[in-house]
Amino acid sequence: MESNINYRYSFKSIFAQVERKLVTYIRLFYSLALAGPCFIQTGIGIEITCSTIIIGALASNKSNNGLPPLTDEQASWFGSLLFLFTPLGSALSSLTLDHFGHKTCMIITNVPFIVSQIMFFYANSVGTLYACSMLMGISVGYSGGPSSAYIGEVCEPKLRGALMSATNVFYFVGSLLFTLIYAITLEWRLTVLIAMSIPIVTIAILFMTPQSPMWLLTKGEPLKAQQTLGKLRGWPSHETFSSKEFREMIAYTSTTMVHEDDDTEPDATSSWGQLLRPEVYRPFRLLLVYIFFANLLSGIQYVPYLVAVFTEFGAPVNVEFTLAFSVFLSTIGGIITIFLINKLGKRFLTLSTLLICSICYILIGLIGVYWTNSKPITSWLVLILFLTTTFMSSLGIMPIAWILLTEIFPMKSRNITCSAGGAMGYLISFFMIKYYLELSNFVNFYNTFTLFGISGLFGAVYFYFYLPETENKTLQEISEFFK
């Protein structure tokens, strides 16, 4: 039976439908702006996990394809070279960011990534593995400044912390994808070949990504900046021009450009000169201490050797899928951070997760050394404690370290300090990974956990006295704290 009812829509109904379509368009534009940095984080997760998979595969004689197992010395170099060459990428990024802009620099960062994956696939010597690790280090370092600064500039202030946490989750997503592909295929060459699709997709997305409105202003393109900001915020063009945020952008970029043209007081106005100011060097010192303890208690020193670590624990599990499960826990922790960080604050999350990780590390060390007569029980217990630290570190100290990087520095020096802070953080990781095996051979495998756990307790005391709460604070308020 056909209906003879004629539906008539009022102007209000039509307006609501148009409004919904407009909101959808705005969300799509905003999502597109953040998609590039998210995919870059996915790529970084893959790059940093490469050494874990390859070292483990070669050590277990699975699909070596002509490459012998690596010695401890070779494994330590292969696992750490990425972090040694990251500062070089950061330096190149800081030199080119102002000229090319965030979008172009984020595209460039994928080139050495793609080259390294192709070289991995055809690698037939340890030297090639070293070269791939160096290229990935340059790629990771080059991406840090552009992507962090871009997110800080295009996001609304009230969403900055949550969105930074959200993009950090994609780092764990990249690691999870890579470990899952290997766990299924057990072919590390095939795994890196499949992973090469990520930087290719990233480049395609970045070509459609809008430039930062603030960078467009510095290049004398206020109309483009106005249009881009309006699309990001969902404002009509006339509201964008009269908005407080856009006027503050114009005022800030005008002041910056005046300072750059004024050579009478270089120490006070240049980005490098501002590194000597208290509001810059004090947060920089805090950041380095934070990254040190975040790396130490999140187990960055164990990452390239995780296959051997899980084997040493002795639990009757599939090592490859256990590795993937540990990354899955990190992903879940990163997602939960998005929702907790605004409610609990960075200070509480830092202190609580650092203490829990420290206690778990101490327990792993004590159980492994002194409780040796119940191996089936202790092997499961130390594995569960280690996976607990993996989850808790991704819930607090690890993502918060990179959020602090984007917000504790004044805007004038943010480009240089973001790059320098990221570079120093990766240098700390290099030394931890490079000399971990020597430390483990010297003090015993389980004693390293006790040593790191006790160090973490001292870190918690330091942060209790010196770490401010930055959540729901303006950048100006944060800067005033360090003066």
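Glycine too: its Cβ is placed from the backbone N, Cα and C atoms.
Range annotated as transmembrane segment by TrEMBL, chosen from 128-151, 248-271: 128-151. Along the domain 'Major facilitator superfamily (MFS) profile' (31-471), the predicted structure has mean pLDDT 84.
Residues 290, 293, 297-298, 337, 340-341, 378, 381-382, 385-386, 388-389, 392-393, 395-397, 400, 444-457, 459-460, 463-464, 467 of the same chain sit 6 or more residues outside the transmembrane segment (348-371) yet have a Cβ under 8 Å from a Cβ within it. In this chain, the transmembrane segment (449-467) touches the transmembrane segment (284-303); three or more CB pairs sit within less than 8 A of each other, excluding pairs fewer than 6 residues apart.
Beyond the ends of the transmembrane segment (190-209), by six or more residues, the same chain brings 32-33, 35-36, 39-40, 42-43, 46, 50, 53, 103, 106-107, 110, 113-114, 117-118, 120-121, 174, 177-178, 181-182 to within a C-beta distance below 8 angstroms of the stretch. Sequence-distant contacts of the transmembrane segment (416-437) (same chain, at least 6 residues past either end, Cβ-Cβ under 8 Å): 72, 75-77, 79-81, 83-84, 86-87, 90-91, 93-94, 97, 137, 140-141, 144-145, 148-149, 271-272, 275, 280, 284, 287-288, 291-292, 295-296, 300-305, 401, 405-406, 409, 448.
Residues 148, 161, 164-165, 168-169, 172, 283, 286-287, 290-291, 293-294, 297-299, 309-310, 313-317, 322, 325-326, 329-334, 336-337, 340-341, 346, 349-350, 352-354, 356-357, 360-361, 363-364, 367-368, 371, 425, 470 of the same chain, all 6+ positions outside the transmembrane segment (377-404), place their C-beta atoms under 8 angstroms from a C-beta of that stretch.
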